[in-house]
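Encoded as structure tokens, the structure appears first; notes follow it.
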């Protein structure tokens, strides 16, 4: 079977697995594509992200109600996912996409690790997000959904992992304001995704400013105190 034909087959199987909600099998199909040593297309990257998000999302939800023994079992799956993300990527949009994934998965690890392991996971998450941000700031417009999704998840990292609502609010507000300033340049294709993420940024700002000192927040984003979990991006 030719490489291109094999690739098409794995993409087809990944889509079937997604429809059947068999996300572990979906990930296996995407791993097979990655082994072909070719750059993933936008469609393939999204399939990869959806597969891992669903597999890990279910595990994260379980972890929140499980015992410490079960939490340790969870980390095995996450460690495997982190290794898959390392060692990448090509240019521009794909670079941001992959480094953001690296930041996301190390952040998931940091959620339940303790002591030095938590610090190490947080450090690696920060490196992933910073690498993604460096490329996003030069290669992607402020309204690009991947750049906005990065800002959304990076700000969640500062709020939840680093316990820094000030830094989280600054990052989220900066991304929101920069996107608002360029809103008239937003393409029709990206409009729905970008404006949805902008709303999530604003929702988080409203939630987080209740944790700031009275003189530390922005009056435009004052909200009622809430214990809700902040929103994150899909991919």
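Using N, Cα and C of the backbone, Cβ positions are placed for all residues, glycine too.
Because TrEMBL annotations are produced automatically, they should be read as predictions rather than curated entries.
The following features are taken from TrEMBL:
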type     : residues : note
DOMAIN   : 7-222    : domain '14-3-3'
SITE     : 60       : site 'Interaction with phosphoserine on interacting protein'
SITE     : 107      : site 'Interaction with phosphoserine on interacting protein'
REGION   : 211-235  : region 'Disordered'
COMPBIAS : 219-235  : compositional bias 'Basic and acidic residues'
Checklist entry - If you draw a 10 Å sphere on the Cβ of residue 107 (site 'Interaction with phosphoserine on interacting protein'), how many other Cβ atoms land inside? => result 23
Checklist outcome for this item: Mean pLDDT across the domain '14-3-3' (7-222) comes out at 83
